[in-house]
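Q: One structure follows; several queries about it will come next.
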Amino acid sequence: MTDTLDDLDVEGTTVGVRVDINSPIDDDGSLADDARLRAHVDTLSELLERGGRVAVLAHQGRPGGDDFVSLEPHAERLSTLLERPVDYVDVTYSSGAREAVRNLDDGDCIVLENTRFYSEEYMEFDPDAAARTHLVEGLAPVLDAYVNDAFAAAHRSQPSLVGFPSVLPGYAGRVMESELDVLGSIEETPEPRVYVLGGAKVSDSIDVAWSVLEKGLADHVLTAGVAGNVFLTADGVDLGDASTDFIYEQGYWDEIDRAADLLDAYGERVALPRDVAVERDGERHELGVNALPPADSEAAMDIGSSTLSYYERILEGAGTVILNGPAGVFEEAAFENGTRELYNAASDVDTSIVGGGDTASALRSLGVEGFSHVSTGGGAALRMLTAEPLPAVTALEDGPKHQQPADD
Ligand SMILES: Nc1ncnc2c1ncn2[C@@H]1O[C@H](COP(=O)(O)OP(=O)(O)OP(=O)(O)O)[C@@H](O)[C@H]1O
Ligand SMILES: O=C(O)[C@H](O)COP(=O)(O)O
């Protein structure tokens, strides 16, 4: 178990708070969506109201990406959400950053610059090595405590996630605490347990499917999205050139063999789509798998209605459903039906848990509600849902193993 904010004597304490506010960015560099910032408001407000001195640490994007930008807009938005001034500091661990942290008063909040502007932060380290990085050696001397609220990044073993808790007392923030509560007890959720794996990250879906089937966590795995198309292909269905080329282009050809092996080993627990939707004459048109391949170059863009009825029957008997990834190209009106109806059916299951960035945005845009838990994490949630440890959580649990670096 990790300590939480309930265990931290906050007043007058200078706290480094790692959040995950990695967000979609518009062409002009502004925030396109602030859902992840909103998620951390409770943790930050609580720390500030209890008299903490808060230095926020976070990453945005990956080097080379269009969304690899400064955290200045994030600081501005946090200031609005927290209803108090939040200063942006354009450095992360240099003497200027230390100075800004030393100048904090009780109830003050600053946002330090994107941790990934420093190359160390997109490399993976074990906690001992992470404790010796420039980021941790530079900033830890002016912090009294470290709070990790960045559940969505907890599957990364990067210095801001595993280095600070190696040298400072570490605590889980409120987002981290609630994610760990729900996702950490997956083995105790009611059975039968159904995993719905859709979306486009086929390798991740197949990893999860193997893991939950091998461990006996899943009674059924329902496949949809690109993952469903890969499983159909592995089962010998010819989806036609468009879908097959797409699988090639995405580099998922090897996944067809892995999916076939999984069907050999656990086929009776893996459900495949019975029909798919394609675009014909500008409209949605459904084809049973026996009618495949489709004419011309029609791609399978969604699951069809007989798949939905089949999956809905399985979900009716479920005690727990865990979903990741949309069932089709929900961004196009003609192909949103599978995602909307499948997720609607899943929301009626007693315990319904959803993970994934695009999944959460699909649910918002389709107006589907009523889940027991919508996780802030994609990759991190998936890893927990297979009952695998997360490096950042392990580092918090292990506690400090090294001396706090000295202030200059
Ligand atoms: N049949 C399909 N053909 C092509 N793309 C599809 C199909 N079904 C779903 N998709 C696409 O999958 C994308 C989302 O997949 P993804 O695996 O990234 O989900 P996610 O919820 O964001 O998970 P994570 O947070 O782990 O990334 C959407 O953009 C959607 O259009
Ligand atoms: O968006 C995410 O999944 C997290 O912020 C982690 O980002 P990363 O995949 O770039 O490490």
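Heads up, the Cβ atoms here are built off N, Cα and C, so glycines get one too.
These came from TrEMBL, pasted as-is:
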| type | residues | note |
| --- | --- | --- |
| BINDING | Asp20, Ile21, Asn22, Arg36, His59, Gln60, Gly61, Arg62, Arg116, Arg156 | substrate binding site |
| BINDING | Arg36, Arg116, Arg156 | (2R)-3-phosphoglycerate binding site |
| BINDING | Glu331, Gly356, Gly357, Asp358, Thr359 | ATP binding site |
Q: What binding-site residues in Asp20, Arg36, Gly61, Arg116 place CB under 6 Å from ligand 1?
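A: Those binding-site residues that pass the cut-off are none, since no Cβ is under 6 Å from ligand 1.
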Q: If you skip the near sequence neighbours and keep only those at least six away, which residues in the chain come within under 8 angstroms of Asp20 (substrate binding site), Cβ to Cβ?
A: Arg36, His40, Ala58, His59, Asp149, Ala150, Phe151, Ala152, Ala153, Thr376, Gly377
Q: Based on the record's binding annotation for ATP (Glu331, Gly356, Gly357, Asp358, Thr359), what whole-number value in Å is the widest Cα to Cα distance?
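A: Those residues reach a largest Cα separation of 15 Å.
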Q: What binding-site residues in Asn22, Arg36, Arg156 place CB under 6 Å from ligand 2?
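A: Passing the 6 Å Cβ check against ligand 2: Asn22, Arg156.
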Q: Please work out which residue of Glu331, Asp358 has the most C-beta neighbours within 10 angstroms of its C-beta, and give that one of the binding-site residues.
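A: The residue with the most neighbouring Cβ atoms within 10 Å is Asp358.
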Q: State the Cα to Cα distance, in Å, between Arg116 (substrate binding site) and Arg156 ((2R)-3-phosphoglycerate binding site), rounded to an integer.
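A: Taking the Cα atoms only, Arg116 (substrate binding site) lies 13 Å from Arg156 ((2R)-3-phosphoglycerate binding site).
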Q: So which one is it: of the binding-site residues Gly61, Gly357, which has the fewest other Cβ atoms within 10 Å?
A: Gly61
Q: Taking only the residues the record lists as binding (2R)-3-phosphoglycerate, namely Arg36, Arg116, Arg156, what is the largest Cα to Cα distance between any two of them, in Å to the nearest whole number?
A: 18
Q: Looking at the binding-site residues Glu331, Gly357, Thr359, which has the shortest Cα distance to Gly61 (substrate binding site)?
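A: Closest candidate to Gly61 (substrate binding site), judged by Cα separation, is Gly357.
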Q: Could you tally the C-beta atoms, other than its own, that fall within 10 angstroms of the C-beta of Arg116 (substrate binding site)?
A: 21
Q: I need the least crowded one of these binding-site residues (Asn22, Thr359), counting other C-beta atoms within 10 angstroms of each C-beta.
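A: Least crowded of the binding-site residues Asn22, Thr359, by Cβ count within 10 Å, is Asn22.
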Q: Can you grab the distance from Glu331 (ATP binding site) over to Asn22 (substrate binding site)? Cα atoms, rounded to a whole Å.
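A: Here the two Cα atoms are 21 Å apart.
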Q: Tell me which of the binding-site residues Asn22, Gly356, Asp358, Thr359 ends up closest to Arg156 ((2R)-3-phosphoglycerate binding site) in space, Cα to Cα.
A: Asn22
Q: Using a 10 Å radius around each Cβ and counting other Cβ atoms from all shown chains, which of the binding-site residues His59, Arg156 yields the largest count?
A: His59
